[in-house]
């Protein structure tokens, strides 16, 4: 540890100030991280494990030398607290703070840079001091559309998580507008939570949780009860809901590499049936999970004979076709095109794949490409009246598009002409008013 300890805070030696005013915030109370509050926070709420936090900080040695500062860079620092992304001292420190709070922390080496230190900056076995300001924090976003946000109240144990097909035991407490509407212990299969009346968002959060974890899940309607609501819970359409979820226990499903081909094929029958049930019920997101499981199991398999190979190809082809249809229903047209392409790779003349790709492209306003697909459908099946009707729609859309382009360009050229006319008129007026300009070289008038 450094011996030249002359850092002062508020006019007194740092170590004396921490001894007099400091609070030990380490869970083990071993004096590893001592906190002194310089400015109280704005409210009583503190970050939870996994929250995305934004801080300003300045790090100093006990000699008073600054070794790092976000303020010098004029850029706050962001991280997910409690996830081991930063120094152990930081995770402990920030979890103790409120929004707007400014604190100074004395951190022992084992909570900071340890016996190695940091070359050219921090000597080995150095205690360090951080001044930190918690600017803001928000829950951990689990989906690209921010439809599921998690805040961890109690961290779980271990390093494994439930996967699709895992059996889980959870305790649930659901709230809407502050009213408790659901409180129960329930077991379900991940990917099939709908069968037990558990919202889709809770199901999708399972693969991020660990045994013993208790978290809050903030669910947008897409991941809650959608535009239909839940009448039995007296929840109307398009309502945000909050679930507190405790993962009591789980049993992981076998991964693809843990199963032989025969086991995969046998499981695929039931999973396909489950996917079809969800599709018929209009639960397209749930259906997608089932069909994707089949693809993940079989896409790298070849089989030991012609019959087995055909069976594998049939499962994969059907799954891609079903996935394309699901994505059409939920208006994710790029995904629909992608799965149609994969189906066409397996069967280039597949009528359903060509037709569904045409539908997706039409809905993406790719009218010429869509028309090509519908024409290919007619080559495969000349009696497909739907494809013929869609070709007419595409032709009409292409014509509308061309007419719109004509109007756009006509307006553009009209504006250019009006501008040129104004410039010519102004130039003539200048020459009328100042005849001497006639004698100037032309480049003066540009």
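Just so it is clear, glycine is given a Cβ too, placed from its N, Cα and C backbone atoms.
These features come from TrEMBL:
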- 50-138: domain 'PPIase FKBP-type' (DOMAIN)
- 165-251: domain 'PPIase FKBP-type' (DOMAIN)
- 317-350: repeat 'TPR' (REPEAT)
- 351-384: repeat 'TPR' (REPEAT)
Just give the helix, strand and coil counts over the domain 'PPIase FKBP-type' (165-251), going by DSSP.
19 helix, 41 strand, 27 coil
Within the repeat 'TPR' (317-350), count helix residues (DSSP H, G, I), strand residues (E, B) and coil residues, in that order.
27 helix, 0 strand, 7 coil
Along the domain 'PPIase FKBP-type' (50-138), what average pLDDT does this model show?
95
